[in-house]
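S.K.: As annotated in TrEMBL:
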- B:12-31: transmembrane segment (TRANSMEM)
- B:51-75: transmembrane segment (TRANSMEM)
- B:87-104: transmembrane segment (TRANSMEM)
- B:110-130: transmembrane segment (TRANSMEM)
- B:137-158: transmembrane segment (TRANSMEM)
- B:192-210: transmembrane segment (TRANSMEM)
- B:240-264: transmembrane segment (TRANSMEM)
- B:276-304: transmembrane segment (TRANSMEM)
- B:324-342: transmembrane segment (TRANSMEM)
Amino acid sequence: MESLFDLSLINSTLRMMAPLLLAGLGGAICSRVGVFNVGLDGLMLMGAFLGVAANAYTHNVWLAILIAVIGTTIFSALYAYMTINLQANMIVTGIAINFLSIGITTFALRTIFDVQGAYYNNEMQGLPTWEIPVIDQIPLLGNLLSGQSPIVYLGILCTIVMYFFFKKSVAGSHFDAVGINPIAAKSQGIKVKRIQYQAVLISGVLCALAGAQLSLGQVTMFSENMTAGRGFIALVATMLGQSNPIGVFLSSGLFGFTEAISIRLQGLNVPTNFTLMLPYVITILAMFIFKDKTQLSALKNSAGSSR
Amino acid sequence: MNKLKTNATVFIQPLLAVIVGLLVGTIAIMLSGESVIVTYQEMWDGAFGNLYFLTNTLERAIPIILAGLGVAFAFRAGFFNLGAEGQLVMGAVTTAIVTVYLPFQGLLNMVISIIAGMLIAGLYSFLAGWMEQRFQINLLISTLLLNYIAVLFAGYLVSEPFRDTSSAGGVPQTVMVDEASRLPKLLTGMNLHYGFVIAIILAIVIAFIMKRTTFGYEVRMLGQNVFFAQYGGINRKKIMFTSLLISGMLAGLAGSVEVLGIHYRFIEGALSNPQFAWTGLMAALLANSNPIGTTVVAIFLAALDTGSLGVERNTDVPNSISGIIQAVLILFISAKFTMNFLNQRKKEGK
Amino acid sequence: ADESGNSGNSSEDAKRVAVVLTDKIGVNPFFQQISDGATKAADEAGLEVNVIESSDPTEIEQNLQVAVAEDYDLILTATFDAVDALTRVAEQNPEQDFAIIDAVVDLPNVKSAEFREYEASFLLGAAAGLSTETNKIGIVLAMDVPQINKYKSGFEEGVAHVNSEAEVLSSYVGSFADPAKAKEIALQQNANGADFIAAASAVSDLGVFEAAKEEGFYTSGQDIDRTTDDPEHIVLSQLKNTDVVAYDFVKEYGEGNFETGTQSFGVAEDGVGLTFVTAESESPLSDFIGQETIDKVTELKDQIISGELTVTNPLAQ
Amino acid sequence: MLLELKDITKKYGDFKANDQVSFSLNKQEIHAIVGENGAGKTTLMRMLYGMEKPTSGDIFINGKKQNIDNPNIAIELGIGMVHQHFMLFPPFTIAENVVFHHEPKKGWRYDRKKAADEVAQLAEKFGMKINPLDIAGDAPVGIQQRVEILKVLYQGADVIILDEPTAVLTPLEVKELLVSLRELVKMGKSIILITHKLNEVMEIADRVTVLRDGKVTGTLTTKDTNPEELSRLMVGRELKNNPLPSIEKGNEILSIKNIEMTSKKSGKTLLDDVTLQVRQGEIVGIAGVSGNGQSELIQAITGLAPVNKGSVTLNGADMTNRSVKQIRDQGLSHIPEDRYLWGAAKEANLVDNMMMTDYAKPAFQKAGVLKLKEIRRYVAESVKKFNVKTTSIDTSAQFLSGGNLQKLIAAREIQKNTPFLLAAEPTRGVDIGAMEFIHEQLIEKRNNGDAVLLISSELSEILALSDRVFVMYEGKIVGEFDHQNASEEKLSILMAGGNNE
Ligand SMILES: Nc1ncnc2c1ncn2[C@@H]1O[C@H](COP(=O)(O)OP(=O)(O)OP(=O)(O)O)[C@@H](O)[C@H]1O
Ligand SMILES: Nc1ncnc2c1ncn2[C@@H]1O[C@H](COP(=O)(O)OP(=O)(O)OP(=O)(O)O)[C@@H](O)[C@H]1O
Ligand SMILES: [Mg+2]
Ligand SMILES: [Mg+2]
């Protein structure tokens, strides 16, 4: 097909990967401190809903995002409390969080907006797209990278910030320490629970942004269960990227890219189910190349709590 | 040390969790403006109200029990199998196709198609184990991804080569299984079928294997400490492969039994939408991978499902509220309440 | 469950109707339509109505059985998902009245209504084929499954009938509720030159509409008249009057002239249609379509009604 | 008096881990604490370090009563602890581990360069050789030990608690450590030293406190006591001295010929042309600083890792690169070097732990079904016979003290009655009572005409038990001695890579 690798492919990849990247980074920061967060999908959905709901009331997209972030962070505190304080099984809690947010958003959709299925509203302003001044000028790159929603850029920024946080900052090394050996960290006077809380809350913020990118960046509406399982793909990105921000960026990029490709491949004479499979198959193939030799500490923790 | 005391905490814990869950559920119901008592009454009735509802609950528990047993088996051997959904779907679609297209009859047909479904599902899970063993591919990621592939692949099978084109239908599905090959009902007029007997027997068999056989011992030791197991002469590869195979076969059986006992055909989405696999996973986790415990928890989780159906039918509480109550109950059930609360109280008391 | 039979409605002898839906209402506006239609008729005819949503396909049969046990007079359900369950339940309860919309169950105690959506899709495709300037037309579908593909085949046939030059780009979202991906697909089709992209992806249609608004191409809605949302870009809507059928069924039941059997609703019966062609719309006609096209399509409609033109039924192969 | 613990009691449920314990430490003193496994030494120190709260009793620092709620307070008060099980972050560098939670900063950034410099200086000041930029997890245990001490020093501790610091060290490393400790005292630090080795106590401590069953049985000045008195206070009885009677040697049971093993990862040669034999009625000792190929030798013999060249013959059959099971069936039993990693499943109960390697025997299973009754009887008997202290055989192994777990493992392997026993570090971290017992068992096995290969980094153990001694250095056998000819001196030189000629 002539348009398989056109310029808009990169553009499209960036858009598609942004929610995966942000939620994946949220998963990464959790797993760095030893929390295996399966609730990313639910947190994202909550963020998507709150973004739209707040936007409908405040008519201000920025304020809406702020409210989505605050609300989702509070919601993620529930997950933190259950797993960190009450030592509930991380995976069960995560799945329950996903169910809960589907329930809450659907219920709220009905009670607040009196609609079922989806809420949209022509007056509602979505996120603008930003033309990035300098990059904009560069002939080819400008077209490729410019003109995305601010959250896409924020996702890239978060990757960089998180990379430096873990690589360069003292706090970052404390986060790692908690994930590597919580008992040792505690014996050195580190407040392990507090750090785990911080990580979960940060993942709340990141998932809120991921959700907002879906409901206010990519489209301007909310529909029931609109994350369509992206939280689990983000989880795969977290694991595949070995909880390293750059790794998460690359793996969510790979996923976004293959998904963009798979849309284009639908024109070919291949059964659609096979083209839809492409991102998953490619990701598995990618694992043959980037082998995961290190055991995730979060994994061990969650497996430990499962016995 | 004090056995009585520990036994008491074992029971107090989930009880407290259920109470807290119900309390939070109460808030949700009150928000929706319905009577709390009526709603909970309907929930109870929907799950256990009379023989019909009780058998429905048990019927719904069948795939959850089987998928849960599968997950639990792999857990015991130390492997985190997140691929129950894919395995379940593979088992179901295989069984449906084999029943309809291979020239066997009646009981034989039923047995062969169930075994075929279990085998394919087992091999599907084996594949993930092989990739981990041979290429160090993280089992968690591969099993998660294989779920999507299985669902799409099964979808392809029933919308292209094996689609039922006879009825003027629109849903991708296979042809219906003939009467003789179906799993018979346990009681006439009720939905509960022999799959339940199979599930219960398997739970007991697996409990026996785990506790009383050398193979079960090998599986448990491998799950507890790989190095210790290897030191003692246990073949890690062999146990890993067999336990993943068994795990997949159980999940596959969940699908086969759903096909032959309830739907009588494979319908796209009919087995993934109800989240049987994930519910089974939760049951296994909540029961610490104990087979009998998994069965009990699975029935409890199924009761939450059928109970919320009752709420949906007979009250104005929206469907989503029953979803909320259900999620809240699950959320609190695994919390370690008593420990913390009692400990805190002790400390404060001093 | 028996006691609710007579004692439950002792005050008056109102007939009771259960509407058992195969999924949550929110999943597809289609369910909302049926629920609304049935409720409206019940209100008018003085019937009691209870709408029961199912969370997943496994629950349908149980809900039907319980509805029988609770002595509802008429049990109305819908879609192909309910066929297996209804067949079994209706066979077991030959005295009970049932009705099913948008699928056929051929039993003496069931009244079925099927729709020939492909006729409407044909008209939509024809309108698109006549209007396109780029000779590229898109359609965004929910999933690659027969009940969705019946829209695709009629659409393609319609396009081909009027414009042999035009190419149809069709893509699947792969799920019933992923507006973000639907939008991405529409943007992609538009980038490949499609100037008209039909939406046939349930809730995800909203994503296609947004893409149209942003990029300035034209699109169409499904089931109900969506042109009112954004008449500038949503220029057509293919209609499927399930609400009317649900209303009719319940109303007939209330009035005592309910007869089982199968009714087929196509363009001729006004069960399906296209805005501006078979039904008025509140919104103005877009210049992109133009009155001329509408006239031509109206001619095609008449040919279909008269039987001069037959659209292929994709499910009858 | 720098520090004083008064009448400290710590209860876990109804169990008193510490019972009215009083303890004091003077400035620039080294005060040793000794006692059997589970006597309550670690528990007492954990309370001083703020990781546990005493059930009753008071802690005074410089005469002032303190409430030490968490390690931060202890650190502020100048108390540092080197834990029995290292508290390190293996992927971090040594410098990062040392400065952890007290990192030098440049703005928001972690000044890793400064950290490395400071750690290098600190190490120099106290005469400890380390490379701050090495990854802690890759460093040998001796270095890890130093990292732990440096960490405490970096935090400015005046009181340093060391919980069994020498259990995992080689003799050379022990010597170095003791030198460092003296150095520290000279520089004004005070030290609490928990150990099972009475010679260390006698050599370095000023005073010693003995704990038994959570109670203090005596606080003595080392000048005025001797090891015999201390052991009597510890175990409540006189210790025996086990002689090694000379007996007839029989056939070769284990024969290793020219084996070679290379690392898959680095391609480094780990075992280089190793040849040795063990005969019936003989204990052969392998001496060597740990990390010189002993672990690889164990793995080669037991089938846990393949060799590239050479042959391993056990009890007359070629067992080169066979599976663990085949080798065990041929007559191997094996006390592993790390009891938690290889030797036990912590969460499993004693029955499960005891059954490993025996579960397939016809006595304990029929057609794959375990005979639980027989098994439980057997385990209960073994636990009693080997004097494993536990509340029940259904307790999980993690709740046994190290010494008791070791006894359980020894019981499991010795009772198998195989012609060959491989005993690796059989008494590491085990109290003197248990050590005596395990030694007795090894000798008895030898006297019964079985072959024993003893691998230990504890020279005194090697010298006391071995009929013949081999010395390993960098994967090679560099020396062989008879029981009579072996001496600590001769072995030490070879172990350090020196030459006896
Ligand atoms: N958290 C706890 N809960 C219950 N019992 C405990 C706990 N910690 C320690 N104990 C028990 O207290 C006793 C004393 O343990 P402690 O660790 O102080 O022994 P120790 O003298 O350090 O032994 P070792 O020489 O093996 O290190 C043991 O019997 C142990 O089982
Ligand atoms: N929750 C607990 N309940 C009972 N005993 C415990 C508990 N936690 C730890 N212990 C016991 O406390 C003791 C002290 O543990 P510690 O970390 O000192 O290990 P240890 O057994 O002395 O190890 P080793 O001597 O092999 O180095 C051990 O006997 C351990 O089994
Ligand atoms: Mg100790
Ligand atoms: Mg110890």
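Glycine residues also receive a Cβ, built from the backbone N, Cα and C atoms like all the rest.
Context for these features, please: burial, neighbours, distances.
M.R.: Proximity of distant same-chain residues to the transmembrane segment (B:87-104), defined by a Cβ-Cβ separation under 8 Å and at least 6 residues beyond the stretch ends, is recorded for 63, 67, 70, 110, 112-114, 116-122, 124-125, 150-151, 153-154, 157-158, 162, 174-177, 181, 247-249, 251-256, 258-260, 265-266, 271-272, 276-277.
Remote same-chain partners of the transmembrane segment (B:110-130), defined as residues 6 or more beyond its termini with a Cβ less than 8 Å from a stretch Cβ, comprise 74, 79, 81, 83, 86-88, 90-96, 98-99, 102, 104, 137, 139, 142-143, 146, 150, 180-183, 240-241, 244-253, 255-257, 259-260.
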S.K.: Please indicate, using numbers and ranges, the residues of the same chain that are 6 or more beyond the transmembrane segment (B:51-75) and have a C-beta under 8 Å from a C-beta there.
M.R.: 45, 81, 84, 87-88, 125, 186-187, 189-193, 195-196, 198-200, 202-203, 206, 219, 223, 243-244, 246-251, 253-255, 257-258, 261-262, 271, 274, 276-277, 279-285, 287, 289-291, 294-295, 297-299, 301-303, 305-307, 310
S.K.: In the same chain, which residue numbers or ranges, 6 or more beyond the ends of the transmembrane segment (B:276-304), come under 8 angstroms Cβ to Cβ?
M.R.: 47-48, 57-58, 60-61, 63-73, 75-76, 82, 84-85, 87-88, 147, 199-200, 203-204, 206-207, 210, 251, 254, 258, 325-326, 329-330, 333-334
S.K.: Should anything in the same chain at least six residues away from the transmembrane segment (B:240-264) have a Cβ under 8 Å from its Cβ atoms, list it; otherwise answer none.
M.R.: 59, 62-67, 69-71, 73-74, 76-77, 79, 81, 83-85, 87-96, 99, 110, 113-114, 117-126, 128-130, 133, 176-177, 181-183, 191, 193-195, 198-199, 202, 215, 219, 222, 270-271, 276-277, 280
